[in-house]
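Copied from TrEMBL, the annotated features are:
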type	residues	note
ACT_SITE	C122	active site, proton donor
BINDING	K24, N25	phosphoenolpyruvate binding site
BINDING	R98, D312, V334	UDP-N-acetyl-alpha-D-glucosamine binding site
DOMAIN	9-429	domain 'Enolpyruvate transferase'
MOD_RES	C122	2-(S-cysteinyl)pyruvic acid O-phosphothioketal
Amino acid sequence: MQDDVLIVHGGSPLEGEVRVKGAKNLVPKAMVAALLGEEPSRLRNVPGIRDVHIVRGLLQLHGVAVYEGDEPDELVMDPSSVELANVADIDAHAGSSRIPILLCGPLLHRIGRAFIPDLGGCRIGDRPIDFHLNVLREFGATVDKRPEGLYLEAPNGLHGAKIELPYPSVGTTEQVLLTAVRAEGTTELRNAAVEPEIIDLICVLQKMGAIISVATDRVIRITGVERLGGYTHRALPDRLEGASWACAALATQGDVFVRGARQLDMMTFLNVFRQVGGAFSVEDEGIRFWHPGGRLRAIALETDVHPGFQTDWQQPLVVALTQATGLSIVHETVYESRLGFTSALNQMGATIQLYSECLGGTPCRFGQRNFQHSAVISGPAKLHGADLVIPDLRGGFSYLIAALAAEGTSRVHGIDLINRGYEGFHTKLAALGARVELPPQQSGIAVAADAAGAVHSVA
Ligand code: EPU
């Protein structure tokens, strides 16, 4: 598809301002939470990204009325007529996102059964759903796995459980929250994930009437209630998008004010950004990120669950690390296959070597298992333009950063994938002075994306 290629002329710094709205990894889940209520919910600061449109479609299939609110970027969801959706209609969403798995608990509570299509999401590892199915069974659900998807029922209702996760999985923690809030009795979840987006989901559920406490030792306790109401909530800002723009500023020697970025959610990132040699200033309305001149410093870094260095920050930062002097080490401990994108950076002139050993940090789940999950980046490298094919969401944005930092012209294929998680990224790039255009057949005009994430051209 012609629209799916972006031509990027690199070599000039990104300068100006972008705004980040609600977090991609919270908004679709807060939309699912609305299913649990018996009154309408209002979600604010909703970005126009593909994942939001997918969940909106899924909610509508289940009888939830979803419409725009009075405020800009506000969605209203009215779940008063929730019903079982047609399997074939739900199946049309197969492979589009990972969010459908989170509908299990809410649908079991509301209508006693659920059908979940085959999941999608970024190919950054195997991404199994075993933890999800195990916890649902602990609550009393039956799961029938068929080729087209999962059929779930709860013949005796859902009951609170004592659960310990083998790993602090974000999605499974959300699964437990969305199921336990209306299960009979109390639930204790050990080794829970506590990412800021999870805490924000807990805030949403508490507004609806849930009783949830979070202890400092990754233990979450939930007391089930019989009824939940609606909520009005402003989604926390997207700290992953914020960090992506920060890395773009650093790699292109630019200066970008990210309106909406919040220090509290980005503390770990900010520390690393400073260690590498980037400068930032925290202001009331956002955070300004810039390259202060001089050399960037090589670092050793390990990704981890919150409050560690988020895996989704890793890919954009690696592009900036190609510009640092010396050897940087990155140990990816959350996903086993999130470094494959570096081969394209090497094609552009970077020197990045992958290893299957756990380098520079503590041994992780992937050591001794032949997954290339550690990288040594030797810099600074002079990047040059190339033909690139986007592999996944964050890897894709990282290719854009690399193309912008490189000398010469790159053709980036598969840019539509970026619309899954970055609202109007073309418009934002143009606002920062990036020189991007559609292929020559379309006369080299700037491009923008509408709220649905569809690409169209602007004069
Ligand atoms: N895991 C299992 N079994 C399961 C569930 C997870 O083995 O049943 C493993 C995964 O394979 C992975 C690890 O546990 O190795 C962590 O996975 P987690 O469940 O935490 O990830 P997720 O919920 O699928 C969310 C975000 C990701 C983000 C991770 C980690 C959404 C929609 N996705 O995924 O975001 O990287 O948490 O913070 O919230 C992105 O935004 O680009 C993205 C991939």
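Here the Cβ of each residue, glycine as well, is placed from N, Cα and C on the backbone.
Counting only same-chain residues at least 6 apart in sequence, those with a Cβ under 8 Å from the Cβ of V334 (UDP-N-acetyl-alpha-D-glucosamine binding site) are T303, D304, V305, T311. Calculated from their C-alpha atoms, the gap between the residue listed as 'active site, proton donor' and R98 (UDP-N-acetyl-alpha-D-glucosamine binding site) amounts to 9 Å. For the pair D312 (UDP-N-acetyl-alpha-D-glucosamine binding site) and N25 (phosphoenolpyruvate binding site), the C-alpha distance works out to 11 angstrom. The number of other Cβ atoms within 10 Å of the Cβ belonging to R98 (UDP-N-acetyl-alpha-D-glucosamine binding site), over all protein chains shown, comes to 16. N25 (phosphoenolpyruvate binding site) sits 11 Å from R98 (UDP-N-acetyl-alpha-D-glucosamine binding site), taking the Cα positions as reference. Applying an 8 A CB threshold to same-chain residues 6+ apart, the list for K24 (phosphoenolpyruvate binding site) reads P47, I49, D51, D238, L240, E241, R420, G421.
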